[in-house]
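Enquirer: Could you have a look at this structure, given as structure tokens, before my questions?
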């Protein structure tokens, strides 16, 4: 095990994850600045470049701790320091895939309106110049019970409500959603 960062989910947006903060941590040594997910990402990025070996960042915690958000911040860091938007749009595609995955695997729980109900293994590929060239996301341990049962004040996966809300659109006609259960709960 390497460095351990304990982060607390403040349940509100803070200005500590902005672009200027990414640039502040980029190129810094661990310990030169306050503990931060960007410091951990910079350390992994620097070691990957220096040692030319794969690196891993494990994000762990209980439900609602902010694991998915922390992983997105680490990916944003890599996309910023490990690529140039003028050269490729792979970075944007990697970051843009997250809402799609969230629609399929996230649900409303009593603790979190957008709770990831599955584990994720995200592998980001870099070229010899350490620019992102692609990513692969594997999911595991999907909470299957949520499909047939939700606790009081909880919801199924977001995609279920999105499909129901779209059932009348012509492009969804062939999916057989016309008898979809409609819910008074607004779609996410």
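Glycine is treated like the rest: Cβ placed from N, Cα and C.
What TrEMBL records for this protein is below:
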- 61, 62, 63, 64, 65, 66, 67, 68: ATP binding site (BINDING)
- 1-188: domain 'Myosin motor' (DOMAIN)
Enquirer: Could you name the residues, excluding 61, 62, 63, 64, 65, 66, 67, 68, of the same chain that surround the ATP site, i.e. Cβ within 8 Å of the Cβ centre of those residues, in sequence order?
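Expert: Filtered neighbour residues, in order: 9, 112.
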Enquirer: Determine the minimum-neighbour residue: among 62, 65, listed as binding-site residues, which Cβ has the fewest other Cβ atoms within 10 angstroms?
Expert: 62
Enquirer: Under a criterion of Cβ-Cβ distance under 8 Å and sequence separation of at least 6, what residues of the same chain contact residue 66 (ATP binding site)?
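Expert: Those within reach of residue 66 (ATP binding site), by Cβ under 8 Å and sequence separation of 6 or more, are 7, 8, 9.
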Enquirer: What's the number of neighbouring CB atoms sitting within 10 A of the CB on residue 61 (ATP binding site)?
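Expert: Excluding its own Cβ, residue 61 (ATP binding site) sees 13 Cβ atoms within 10 Å.
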Enquirer: Would you count the other C-beta atoms found within 10 angstroms of the C-beta of residue 67 (ATP binding site) for me?
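Expert: There are 19 such Cβ atoms around residue 67 (ATP binding site).
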Enquirer: Rank the binding-site residues 63, 68 by how many other Cβ atoms lie within 10 Å of each Cβ and give me the one with the fewest.
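Expert: Among the binding-site residues 63, 68, the sparsest Cβ neighbourhood within 10 Å belongs to 63.
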Enquirer: To see if you understand the setup: which same-chain residues, six or more apart in sequence, place their Cβ under 8 Å from that of residue 64 (ATP binding site)?
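Expert: In sequence order, the residues whose Cβ lies under 8 Å from that of residue 64 (ATP binding site) (at least 6 apart) are 9, 109, 111, 112, 115.
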Enquirer: So what pLDDT does the domain 'Myosin motor' (1-188) average out to?
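Expert: Mean model confidence (pLDDT) across the domain 'Myosin motor' (1-188) is 82.
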